[in-house]
Amino acid sequence: MSTDSDTTPDTEEAREQLIDLAADFYDQFADGEVPTMTIPTRTKSNIVFDEDEQVWVYGDRNSTRSAKTISGAEKILKAVYTIDFLSQQLEEDRSSTLRELYYLSESWDLDEAQFNTQDESNNLIEDLEIVSDVKREDFHMRPEESGAKVMGPLLLREQTNRGDREIHCQDDVGQGGYQIPNNPDTIEFLDNDAKFVLCVETGGMRDRLVENGFDDEYDALVVHLGGQPARATRRLIKRLHDELDLPVTVFTDGDPWSYRIFGSVSYGSIKSAHLSEYLATPEAQFIGIRPEDIVEYELPTDPLSDSDVNALESELEDPRFQTDFWEEQIELQLDINKKAEQQALASRGLDFVTETYLPERLDEMGIL
């Protein structure tokens, strides 16, 4: 276990920010004020487009946690206990998962300080990120493993608690690829021959691309998103774009939920809009599956469900999708009343996606 002298400046800064936050609560008490904590309202109606950064961020509407009410007082109490835990964790240079924090709270001496659900503890960590301006990774808090992986011509060095490791994301890994760590800022890019990043929603399609040698033939960094991408995955994608100047493309199923996967990569998510500048890659381009692909290739489809239709209509009102391209595609999908999976391309043969669909789309987009 590391001592105080071993902790990094980032760790010290994170701890100081937490202590300052707790001190602010104390000062409010000392001044005879009711303690409060103000955070941006995390709803779709409170995100605005940042013209400078080209990402969606929280607007001016705020919500206030106030000890004037029982529920507000309990939230602030839980915040204080959590700050104490995080401060001690940083002092000892340890880490924990979001799940562990939820269970660990059961050992706290006040029942009112304990979390009732994991969503409650997760949301509090997000609140603390916002008010302290420190990312949860710098609190040494991590989610459960996302399982997201990278395959392609990239040599990197990863810092681990067992020392540094140099890994080539083709030569030194099996077909499963290199697993993205919880904090990708511990990675240093050493060398690469990649021409672009291809983010893939499903594991089945990712495996098809690797088996067909797409990463090798086209010098692609294939990033498996694993559904809605974790923060670590989005951070790595942004770093690959910003630091290696690689174009980023996103390849998903053709349904409204998958379009939101693209949205989280490109524009940022509503839940983490306070980190959009850190996580979002606004230059990312959507490959498909587009509704027009469903029509053009006569792909096997399923009918849209009521929830699909509601989601598409909601996206038409979502500022992240208010572009000519997305409005045209969503209107088309509502008109044809169909959706399709990535693997529906296999109806034209197992090699169609790597020999025809992706090369043609990437050429149209100016990537190849």
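Residue numbers in this text run from 1 along the chain shown.
Glycine too: its Cβ is placed from the backbone N, Cα and C atoms.
What Swiss-Prot records for Tyr103 is active site, O-(5'-phospho-DNA)-tyrosine intermediate. Summarising the annotation, Swiss-Prot assigns Mg(2+) binding site to Glu201, Asp253. Marked as domain 'Topo IIA-type catalytic' by Swiss-Prot on the basis of sequence analysis: 9-148.
Location within the structure of each feature annotated in Swiss-Prot.
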residue : record                                                : Cβ within 10 Å
Tyr103  : active site, O-(5'-phospho-DNA)-tyrosine intermediate : 14
Glu201  : Mg(2+) binding site                                   : 24
Asp253  : Mg(2+) binding site                                   : 21
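Cα of Tyr103 (active site, O-(5'-phospho-DNA)-tyrosine intermediate) to Cα of Glu201 (Mg(2+) binding site): a span of 31 Å. Secondary structure counts, DSSP: the domain 'Topo IIA-type catalytic' (9-148) has 79 helix, 22 strand, 39 coil.
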